[in-house]
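Colleague: If you look up Swiss-Prot, you'll see 39-89 marked as repeat 'Kelch 1'. The feature repeat 'Kelch 2' is assigned by Swiss-Prot to 91-137. Marked as repeat 'Kelch 3' by Swiss-Prot: 325-350.
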Amino acid sequence: MAGVQTLGRARGSTWTWRPVARDVLLARAFHSCTELEGRFYLVGGLLEGGARVPSNDTVIFDPAVGQAVRLVARGSPLRSHHDAALVGGRWLCVVGGWDGSRRLSTVAALDTEREVWEAWAANPGNCPPAGLSSHTCTRLSDGELRVSGREGGTHTQRRYGSIYTLKLDHRTRTYCYKEEGCHTTSRSGHCAALLPTAGPHPGHQLLLFGGCNSVGPEVAGQWSPGKIKEEQPVAPHLREQLARLVSSGQGLQQGPQSLRHHSCSVVGPFAVLFGGETLTRARDTICNDLYIYDTRKSPPLWFHFPSTDRGLKRVGHRTCLWNDQLYLVGGFGEDGRTASPQVCILEFFI
């Protein structure tokens, strides 16, 4: 493990990303990063800007000790611009993505106990989308995901505005897509957040942020109280810090416009968005802004906390919640080509 470089605090800033680890194995963008039993599983991604073929390696990062190791596992797939989700507390399912020659809608699963990759089969009733990349997969329950968005040409505009439910069965090693009746604005490089609705009997809604010329989130699913059993990680201290941060800001009705390839993590009633690439500028397109979407009241409010530290600019990165801390992993920096080898945690000065 190489030494950790200190970025420091930008003058007047109320927050920063503080480096806690550094390893060349972590340097990648457009990868997936999934927490399982206190370890982060990084799958695939691009190792440098302009790379045509994605990585096929899997790296495990242990945040408790700050160490990363490459997992040697048979059948590791070439993937970037994919998404991943856990099934059965054991199988890390990688959904879709770019393999260097085409977009896929197939499912590859890492059996984390046997450390072997498996190619799962489609059920006979499978109705898959066109190949997926820069899409999102959101867990609704163990073995059920909501899939939205994808990259593609204009002739497939309607289809990549479609929403799919993806059922995953680890017992039979199979999957099945079902197209939902609703559609959204076509988008890619967006993020998705399953958030509680305001009120005395909160249900849930799935919101899509960014990935198109839009300033507000779009609803990709709504569920009445008690329908969603998926439990978010408990992060009481981080939630308190976010509440204090937004209390110091000015709430807005509109969020960031035309943002893509940013990160998003749900912390209680807050969606925490960071970085990404803006489509509103021809130059200096990679961002280092922190946005908080606060759903505690109706209507929800946006809070924007910019940074003057250009070293924090990221695109194609991931954030991951563990042990009451929000971690930033990978991504390309300001030049859009150099992958960051650092792991950072979100730190506040309030």
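Each residue, glycine too, has its Cβ placed from N, Cα and C.
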Colleague: For the repeat 'Kelch 3' (325-350), what are the same-chain contacts with Cβ under 8 Å, counting residues 6+ beyond its ends?
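Modeller: Non-local partners: 2, 4-5, 7, 9, 13-29, 31, 33, 40, 42, 45-50, 61, 63, 66, 235, 238, 241, 244-245, 248, 263, 265, 267, 272, 274-275, 277, 285-286, 310-311, 313-319.
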Colleague: Using DSSP, break the repeat 'Kelch 2' (91-137) down into helix, strand and coil residues and give each count.
Modeller: 0 helix, 26 strand, 21 coil
Colleague: I'd like the per-state residue tally for the repeat 'Kelch 3' (325-350) from DSSP, helix first, then strand, then coil.
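Modeller: In the repeat 'Kelch 3' (325-350), the DSSP-based counts are 0 helix, 14 strand, 12 coil.
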